[in-house]
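Take a look at the structure set out below.
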Amino acid sequence: MATSSSQFLFRMLLPVLLVVILASAAEGQRPGCREKCGNITIPFPFGIGLRCFREGFEVLCNHSRAFLAGNRTRKGDSEGKLAWSWSLMELASISVATSDARAYAAVSYRCSMSENTSSSLSLRMDFAMSSKRNVLQGVGWIVDAQLSYEPYFSAAADGFPCSVPESNYLDRPAGTNGSCVAPFPPDNGPNEIISLSVQGNDKNRWWETYPCSYGMLVEESVYSFSTPDIRGNMTLLERYPQGTPFILDFAAGNTNSCPDEGRLPSDYACVSGNSSCANATTRTRDFPTTRTTITRGYVCKCWEHYDGNPYIPNGCQCTYILHIYNPIYTSNCH
């Protein structure tokens, strides 16, 4: 009786119920190619192994950890105590639908214990940083984090700071007690070197309790400041051993915009039916003596009401609607 009553109530509350069934194609890979590295899905144009990736999108899989082959991170310090070394950039996730990838950036720091120790970070990337979804985060009793970016093989560079000067802790404005946030510059682009360092010109009179200051390139809203983060030696490095996640925007093609209809290049990326090309953002930057145009190429999108991967043949599939009280599927595509 209780079961019948529950069913009756369900029908009364939901007279019309539609469930959208998404296509099963998802963000797939070329036939015969690995679709995963550990728990990370690797959709084309990214790929592992020969003929499984588009040029510039190679992924290396090492013990279930995925790395971007063409992108590098470098850690070291300017005082010569920590040798500079390059390593591969580790991936956290990839999304074809939003044309972005999440990767990890090491935390830069400067600590004052028995002697000063510090570490700076450089990122060399083939993709552009997401200016809307990343921030520069500074953490510490005294913070002076500096981020600069420059094109490959160029002496011209731009930069911006995030700082919290030393003052009476209780007199600091709300929200600045050991933390600062600066938005990422909107004019960064691919093929650039991003450098992050923590300066140490100011003396920290509270070094025994709050010995370290940190600089992080991080996805917005991922990090939330708490006072224990600035206590102890290298606390944030223990909290983020892989580094902090940040967002890269990727694009296919070497053209300024989508190719013209009827003049598609042989390596045109949008190979699925029911897909189209969309222009990626092109930015212009003014340096003191030059004006540089940053080209992002283009991205591929499935049409409205289609889902899947536009970078592989038949990758964009129609979505369907299931009518609960009239159990038939109807196409949502025209």
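Every residue gets a Cβ built from N, Cα and C, even glycine.
Taken verbatim from TrEMBL:
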type	residues	note
DOMAIN	33-68	domain 'Wall-associated receptor kinase galacturonan-binding'
SIGNAL	1-28	signal peptide
DSSP helix/strand/coil residue counts for the domain 'Wall-associated receptor kinase galacturonan-binding' (33-68): 0 helix, 14 strand, 22 coil
Overall pLDDT of the domain 'Wall-associated receptor kinase galacturonan-binding' (33-68), taken as the mean: 94
